[in-house]
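Trainee: According to TrEMBL, the protein carries these features:
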{"type": "DOMAIN", "residues": "8-91", "note": "domain 'PTS EIIB type-1'"}
{"type": "ACT_SITE", "residues": "Cys30", "note": "active site, phosphocysteine intermediate"}
{"type": "DOMAIN", "residues": "111-476", "note": "domain 'PTS EIIC type-1'"}
{"type": "TRANSMEM", "residues": "116-138", "note": "transmembrane segment"}
{"type": "TRANSMEM", "residues": "150-171", "note": "transmembrane segment"}
{"type": "TRANSMEM", "residues": "183-204", "note": "transmembrane segment"}
{"type": "TRANSMEM", "residues": "224-243", "note": "transmembrane segment"}
{"type": "TRANSMEM", "residues": "255-280", "note": "transmembrane segment"}
{"type": "TRANSMEM", "residues": "337-359", "note": "transmembrane segment"}
{"type": "TRANSMEM", "residues": "371-390", "note": "transmembrane segment"}
{"type": "TRANSMEM", "residues": "397-419", "note": "transmembrane segment"}
{"type": "TRANSMEM", "residues": "439-460", "note": "transmembrane segment"}
{"type": "DOMAIN", "residues": "503-607", "note": "domain 'PTS EIIA type-1'"}
Amino acid sequence: MEKEKLYQKISQEILENIGGPQNIQGAAHCATRLRIVLKDLSLVKTDKLENIDLVKGCFIAGSQLQLILGAGTVNEVYKVFAKEAKLENMSLSDVKDIAAKKENPLQKVIKALSDVFVEIIPAILAAAILLGVTGFLANFEAVKTNQTLYAINRLAFLASVGIFAVLPMVVVYSATKRFGGRAILGIVVGAIMLDGSLANAYSIGTPGFNPEILDLFGLKIQMVGFQGGIIVALMMGYIVATLDKFFEKKIPSVIKLLVSPMLTVFISTFLLFTIVGPVGRELSNYITGGLVYISTEFGMIGYMIFGGLQQIVVITGLHHILNAAEAQLIATTGRDFLNPLMSVALISQGGAVIGYYLLHRKDKKVAEIALPSFVSILFGISEPAIFGVNLKYKFPLIAGCIAGAIAGAFVYLFHLTSLGFGATAIPGLSIIDPANNGYINYIIVHLIGIFAGIVLCYFIGKVKTKKAIEEVKTEIKENKNIEEISLIPPVNGEVKDVSQSSDQTFASKAMGDGILVNPIDEVFVAPADAKVELVFPTKHAIGLTLKDGSQILIHCGINTVTMNGEGFETYVEEGQEVKQGDKLVKMDLKKVQEAGHSTQTLIIVNEVGQGSKVIVDANSKTPIIIKKA
């Protein structure tokens with residue numbers, strides 16, 4: 001009963017800080033996170049969400065708000081949250097579908113790549129582990145001389161190389177399935193790519209390589225297989241799925257069963273050898289060649305840059321693109337030098353988490369988040385650490401990145417590579433190449449990353465704390481003299497009390513007191529001297545902090561978040577100081593109206609400075625006044 005009351009309190013606090021139930025499009029949960037798709041993300045108060053009991057961190061990914069609650073807890077909180085928000089029971093895939101509709105083209109490509117490799121990674125991991133073990137055992141004389149041990153090791157080796165021999169076919173299968181086609185057709189086209197009658201792609205450039213050449217309408221086609229052709233396989237998966245869906249729709253049902261798969265396979269094969277294959281092969285060569293060039297020509301500097309920035313890439317979600325590059329490296333060279341770099345970048349962030357904990361070890365809330373986050377890092381899961389601690393407080397993230405660069409230099413010096421990808425930190429040890437003391441060196445570079453992360457975070461934190469204390473002393477001295485702040489309307493137009501807004505969330509004053517303006521001009525200015533705290537990615541909302549610490553939100557138009565920045569132009573960036581009357585944003589009134597939205601603009605006081613109160617008078621030249629109580 002006590003727990004249910006706690007979950008109810010948590011659910012109510014979440015709703016209060018995301019704009020209420022009316023701002024929710026859908027919600028579900030995964031193993032550790034409550035995922036909420038919102039109509040307007042500018043209504044989210046992340047700072048308050050992070051301070052709710054049991055919430056270990058929160059972040060926005062695409063159009064999803066994700067609250068990290070932990071395994072087990074998230075299930076119970078979701079049940080109560082769904083009841084409080086009066087939500088229909090939704091699956092995680094339902095929520096992902098809703099969120100996907102709001103994704104931009106780049107986000108969709110990244111997500112598709114991620115989905116394709118998610119299904120393949122377990123097989124690659126299993127093979128890489130077996131390959132590492134067999135390579136290690138093969139060095140022992142007992143395995144070489146004992147027939148039984150040799151036989152076991154030989155069979156294990158066979159099991160380890162199987163997936164790599166047919167990797168392009170597996171990728172076509174997974175990609176076809178991901179893009180909505182029949183997976184069996186993907187397997188067929190994948191088998192064609194590796195057909196035994198074709199010259200082996202790995203033989204290109206070797207003496208005596210003389211493949212069959214077809215003359216098709218004057219076009220010379222080399223009959224060479226696509227061994228190691230991961231990029232080609234990805235492209236073919238998309239083509240097979242697209243053709244399959246097209247023919248399934250267009251061909252009459254009487255002949256569909258025979259004609260549709262035949263046309264899909266034939267046209268796919270034609271495109272494979274005439275366009276997709278040659279283009280994809282060149283693209284693969286550029287990707288592999290580029291990565292190898294960076295590792296050889298840039299040397300230690302290249303490794304340090306990658307080790308330092310990799311976790312920044314993870315935050316953006318762009319790291320999924322590297323799955324294809326890693327698969328291509330494995331298929332082409334048999335080794336992956338990116339995986340150990342990713343691993344030390346990740347473990348260095350774990351070191352930074354411990355550094356932050358040491359700075360705040362008396363704070364129970366920090367211990368509750370930091371220690372479990374570090375344990376997650378050890379098993380290759382970075383989300384709790386990145387979003388719950390490092391990104392939230394910023395300087396631990398910087399410390400972790402510097403530590404990642406340092407550890408990356410040692411990855412270069414030790415020539416560390418992996419035999420597979422998809423596993424980092426402790427699980428990653430199982431797929432490391434045992435050559436050149438690989439196992440020992442892997443442990444050493446990770447200890448370097450952890451130690452560097454701890455020391456750097458602790459040092460930066462100490463310096464930052466000292467500086468912050470001085471700034472607070474100065475700010476308190478200055479703020480004592482601020483008795484009243486008068487806010488002007490940010491744009492010309494009819495001014496009304498916010499309670500008259502057509503948006504019920506704002507009208508109810510759940511977000512705070514304020515005014516609305518029906519603008520007649522397009523350029524919006526700062527209503528008072530302030531610091532720009534937030535420029536929303538879709539440019540329709542700006543958050544300001546006034547000199548007394550009060551926070552205001554300028555929200556241009558109703559539901560304009562759906563325009564994804566079209567019709568908006570910003571003149572400021574986060575962290576910038578502005579004076580009253582300085583230009584902030586331009587809203588194209590005509591475009592907003594053509595999109596079917598209201599241009600009604602809200603100016604809301606989200607949070608009042610300590611010891612102050614808000615006075616609203618829509619008829620005044622300064623309709624909002626914040627003064628000492």
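Heads up, the Cβ atoms here are built off N, Cα and C, so glycines get one too.
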Trainee: Do you know the DSSP helix, strand and coil residue counts for the domain 'PTS EIIA type-1' (503-607)?
Mentor: 14 helix, 44 strand, 47 coil
Trainee: Which stretch from 150-171, 224-243, 337-359, 439-460 shares the most C-beta pairs under 8 Å with the transmembrane segment (116-138)?
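Mentor: Between the candidates 150-171, 224-243, 337-359, 439-460, the best contact partner of the transmembrane segment (116-138) is 150-171.
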Trainee: Cβ under 8 Å, sequence separation of at least 6 from the ends of the transmembrane segment (183-204): give me the contacting residues as numbers and ranges.
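Mentor: The answer is 166, 168-177, 210-212, 222-229, 232-233, 236-237, 240-241, 244, 261, 264-265, 268-269, 272.
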Trainee: Could you name the stretch, out of 150-171, 224-243, 371-390, 397-419, with the greatest number of CB pairs under 8 A to the transmembrane segment (337-359)?
Mentor: 397-419
